[in-house]
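As recorded in TrEMBL:
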| type | residues | note |
| --- | --- | --- |
| DOMAIN | 97-237 | domain 'Fatty acid hydroxylase' |
| DOMAIN | 419-589 | domain 'Very-long-chain aldehyde decarbonylase CER1-like C-terminal' |
| TRANSMEM | 6-25 | transmembrane segment |
| TRANSMEM | 62-81 | transmembrane segment |
| TRANSMEM | 87-110 | transmembrane segment |
| TRANSMEM | 147-172 | transmembrane segment |
| TRANSMEM | 293-312 | transmembrane segment |
Amino acid sequence: MYEDNILKALWCIHILLICTLRGFIHQLWSSYNNMFFLTRNRWIKQQGVDFKQIDDEWDWDNFIILQAMLASMASLIFPSLNTLPLWNLKGFIASLLLHVTISEPLYYWAHRFFHKPYLFNHYHSLHHSSPVPHPFTAGHATPLEHLVLCTVIGIPLTGSILMGYGSTAMIYGHVLVFDFFRCLGHSNAEVVPHEVFNKLPLLRYFIYTPTYHSLHHTEMETNFCLFMPLFDALGSTLNTKSLELHKKITSNSGKHGRVPDFVFLAHVVDIMSAMHTPFALRSFASTPFCMRMFLLPFWPLTFIIMLVMWGWSKTFLFSFYNLRCRLHQTWVVPRFGFQYFLPFATKGINKHIEEAILRADRLGVKVISLAALNKNEALNGGGTLFVNKHPELKVRVVHGNTLTAAVILNEFSKDVKEVFLTGATSKLGRATALYLCRKRVRVLMLTSSTERFQKILKEAPVDCQNYLVQVTKHQAAQNCKTWIVGKWITPWEQSWAPSGTHFHQFVVPPILPIRRDCTYGDLAAMRLPPDVEGLGSCEYTMERGVVHACHAGGVVHQLEGWSHHEVGAIDVDRIDLVWEAALKHGLKPVSSVNN
């Protein structure tokens, strides 16, 4: 642009715009595939995309960069490309004919050739290493394969231009439609109704389906075509099960799929973390949530979506994984954290939670565990409201706080003699205080309610009651280096902690780590067993494979087959029992110290 006028540099803008649109098409298909609440009954493969596959496919868009460089070279070598007309109908017809007569058969035979032992082992096996088809899998291949694909996509474009029928619209249209069908074939959710082929039988030879291409990934000596099964039929490589499997999957789209054994009922934390979802950005969701600058432009859109969800929405399936042949799902109540503190919103939130529990009960779910705000004591008594209202429930309702308490308590070193506890009269605060006083640990319980303190004090063994001390100010802990934060504290309140203090916490959201001379614990969490399958998203700020302790508590409840509800007050006598059960099933505590 600096060396010449803007008109001669338009090819730069076109290439950039085409690349952007190509990425956008792949992203839209990825979002659709990860909207499990829409696609769960049309899945072709039932397992989820795990972290390994996400990492392997991280650079799926390399082929877009490669083709952009080749297009740039072509534009520089052949300046006449900059003078193409905007529209020419003949160009569309020519590119379509060249695609059908040259590109399709060329790709078919090249693809078969890539399945020969040498080329497959050294090149094409990378593409087939993805266990679950996904739109990003379309770009997961070696440079040699991408160069072959450049030839396949370039022949119709080059031919049309050489015939004098080229146009800017033809280039855009051909490339974007090509990517659209590539993503369609690598979708793990079937989108083509089988009724279409019943009404137009010949169409089955001119357009492939996700089911059709997925069979190639499982039975690799069949279904080699690019987009048109006609060439598989001509080459005797058409999988005879294609049509039958396609009909079976689309016919079951209106039915309930596999019933989960366990459900974790979560909620949205805030507007920024709402973008930490697999159907927004899969790669971002596969890492622990943190604030990123690229999220800011999407804040207004997310805010509007929040308002829409507030007015019209229902609990939806968010993610899933398998653990020892048991299906575990996460459902999300369509409410954001701040809404739980609006008095006029509590009734509606409880209605959503109740409907989710009743739905789980109808489906045959064994255990449903409530996330932090969904079990708020002031909201529903830690789940007691629903259990008392529906005594016939077969699904076990679990708040998971017993394991949360166990995780926090097992973080302490054995030489701790005194702790400072905020949120002392909460459910977790009460259990923590009673457990520690039995261990002869002095607990400074921050509370202004003498009545609540006395009630907890009476629950402690007589010979341990002197270990519970009521305090009303943070200054009382200025010599205590172990703080347990169950109620949010300000930076000023943190300033009363002595240097070297460690802040354990079970407060949502976590406190701000402002003290450089102190250490801060994460929210109570546990790492799932290593044999977990299909897990591909992180739970809020947790590391990969790590879930909140209340989530893990529900998992343990389900694995143990316990028949009781875990709602209301925490049974202090069960804290060690639940902890041992978690360790027995392979769940592991997570180091909680962040310097």
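The backbone N, Cα and C atoms fix where each Cβ goes, glycine too.
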> Counting only pairs at least 6 apart in sequence, do the transmembrane segment (6-25) and the transmembrane segment (147-172) share 3+ Cβ pairs under 8 Å?
Replying inline: yes
> Who are the chain neighbours of the transmembrane segment (87-110) in space, where the CB to CB distance is under 8 Å and they lie at least 6 residues beyond its ends?
Replying inline: 148-149, 151-153, 155-157, 159-161, 163, 165-170, 173-174, 224-228, 230-232, 235
>> Within the domain 'Very-long-chain aldehyde decarbonylase CER1-like C-terminal' (419-589), what mean pLDDT does the predicted structure show?
In response: 95
> Which residue counts does DSSP give the domain 'Fatty acid hydroxylase' (97-237) for helix, strand and coil?
Replying inline: 98 helix, 1 strand, 42 coil
